[in-house]
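> As annotated in Swiss-Prot:
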- Gly11, Ala12, Ala13, Gly14, Gln15, Ile16, Gly17, Asn107: NAD(+) binding site (BINDING)
- Arg94, Arg100: substrate binding site (BINDING)
Amino acid sequence: MKAPVRVAVTGAAGQIGYALLFRIASGEMLGKDQPVILQLLELPVDKAQAALKGVMMELEDCAFPLLAGMVGTDDAEVAFKDADIALLVGARPRGPGMERKDLLLENAKI
């Protein structure tokens, strides 16, 4: 069996991250013979961290044979440590009255 690939995903509990994680764990992204370790980053906010824990439980419940491990954190250094691939998908949606430049400034913080 191949060595696991470490995949860091930002915004892991968001809509885009959530949709990607199950595809990565099932082998749709890297192949049906490539084990993965998911390193999941979410904002240091109670609601986001609770959602991340829920996503991780769902992934565990699926018992994907290629999912060799998971780390959930709000620390970027932990999430990106030894990562082979990084998917930066966390973002804040545009709110009412926001211009694109406002959105860029807000997402830069993330």
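Cβ atoms here come from the backbone N, Cα and C positions, even for glycine.
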> Do any residues at least six apart in sequence from Arg100 (substrate binding site), in the same chain, have a Cβ closer than 8 Å to its Cβ, and if so which, in order?
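The answer is Arg94.
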> Which one, from the binding-site residues Gln15, Asn107, has the smallest tally of other C-beta atoms lying within 10 Å of its C-beta?
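Output over binding-site residues Gln15, Asn107: least Cβ neighbours within 10 Å is Gln15.
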> Would you measure the largest Cα separation among Gly11, Ala12, Ala13, Gly14, Gln15, Ile16, Gly17, Asn107 for the NAD(+) site and round it to whole Å?
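Value for the max Cα separation, rounded to a whole number: 16 Å.
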> Would you identify the secondary structure of Ala13 (NAD(+) binding site) according to DSSP, in three states?
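For Ala13 (NAD(+) binding site) - judged by DSSP and reduced to three states - the answer is coil.
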> 10 Å Cβ neighbour count around Gly14 (NAD(+) binding site)?
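Result for Gly14 (NAD(+) binding site): 22 neighbouring Cβ atoms inside 10 Å.
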> Tell me the coarse DSSP state (helix, strand, coil) of Arg94 (substrate binding site).
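SS state of Arg94 (substrate binding site) = coil.
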